[in-house]
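Shown next, in structure tokens, is the structure this report addresses.
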Amino acid sequence: MSLFDHSVSELHKKLNNKEISVTDLVEESYKRIADVEDNVKAFLTLDEENARAKAKELDAKIGAEDNGLLFGMPIGVKDNIVTNGLRTTCASKILANFDPIYDATVVQKLKAADTITIGKLNMDEFAMGSSNENSGFYATKNPWNLDYVPGGSSGGSAAAVAAGEVLFSLGSDTGGSIRQPAAYCGVVGLKPTYGRVSRYGLVAFASSLDQIGPITRTVEDNAYLLQAISGLDRMDATSANVEVGNYLAGLTGDVKGLRIAVPKEYLGEGVGEEARESVLAALKVLEGMGATWEEVSLPHSKYALATYYLLSSSEASANLSRFDGVRYGVRSDNVNNLMDLYKNTRSEGFGDEVKRRIMLGTFALSSGYYDAYYKKAQQVRTLIKNDFENVFANYDVIIGPTTPTPAFKVGEKVDDPMTMYANDILTIPVNLAGVPAISVPCGFGANNMPLGLQIIGKHFDEATIYRVAHAFEQATDYHTKKASL
């Protein structure tokens, strides 16, 4: 039995009782990485020397009264979250040699909680992708079946947790990039409310949509991690000054009287039968615990995909303009003048998907098209947000599938961008509205690949979605299933 089969609270107790050491936890992580990483390919960079030194330092503090629950816990960090002195590439060749000189706020907070960073996790380049096949280095595989994708863009973050390489990880979610891979890999992933977690130190893809969040084996562990990284940050102007409650207090298993909305659009055309049936089965479980549900409509969700790709690509075209070979990152050697420097550095450094989205965004923002595309997309975004607010006036949570289908095979969709984009049709509306949502395991498809249940909450009401997710988790055994890698 792996130490990582235990929860954070169980491991904390073992540490305090001196049944295990922090070094044991770190070595457990690196041993598992040595055993499976050649197949899974979840990591881009390991930090073994520093992690082992930190573990030794923390071992001397075991049993101290001020040790928090995350003390000594091994974590993986998505490679678009900057880490001081530890290579951060965004899985792009253009940043292949980039060593940041500061820590992201979330990394600072986790260091203050005495977690130990095991390494940096693979992803789709600059978080643009749904399968991890867009990594500029190599594709991560799904631990449940190496022939399948782990999802994206936080594919490495989800795969590392599912494979037992780390206890938990950080990902980022712009249009589903935490929840979708969490669903595909059979783990728990939360996208917090926009502004709940500081984005300072997150390399920007689409600044009005990006959010950092936790990926874990259980809902309880997820709540511990969100508790540690949430809160106002003066370094991030979009960070919200909203009180962070006690997420653990609501994990009682009680959902009696809870009002659940189920959008008909989330169970209709484009959603596979396996995903639909798994959600209906989950609703029966929650009904049996005293919750009620009704079908509702989110009428503008059908426009979410087009809206998202116009807005996110527009923001990306601006955000990625800084990668020009002048200030940091890789610089082309094939240069005769300044224009060559810009053009060749970006042509050689960016992958196809990143180039595709930069071009789309530049077009949407260009003179003569701004009103027709970008401005109209912003107006539709407001309508989508209003849809959610109208539903939440009468219901506590919204529930549906996280993805239309289980994970697909490696190479199956990589040459068809539109089919690939459709994997995010159920997660994107949440980002456009800025509300929080969690994915928890809720079954398996015919290919024995995991399915995820998406629970969506009101702005800054992560506590309620944790309560529902935890109640469902404890009433079922899906969270106990493990990839047999």
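Yeah, the Cβs are placed from backbone N, Cα and C, and that goes for glycine too.
Swiss-Prot has this to say about the protein:
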ACT_SITE  Lys78  active site, charge relay system
ACT_SITE  Ser153  active site, charge relay system
ACT_SITE  Ser177  active site, acyl-ester intermediate
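Under the three-state DSSP scheme, Ser153 (active site, charge relay system) falls in the coil class.
When secondary structure is read from DSSP and collapsed to three states, the residue listed as 'active site, acyl-ester intermediate' falls in the coil class.
Listed in sequence order, Met123, Asp124, Ala127, Met128, Gly129, Ser130, Asn132, Asn134, Ser172, Thr174, Ser177, Pro181 are the same-chain residues at least 6 apart in sequence whose CB falls under 8 Å from the CB of Ser153 (active site, charge relay system). Non-local contacts of Lys78 (active site, charge relay system) by the CB criterion (under 8 A, 6+ apart in sequence, same chain) comprise Lys120, Leu121, Met123, Ser154, Gly156, Ser157, Ser169, Leu170, Gly171, Ser172.
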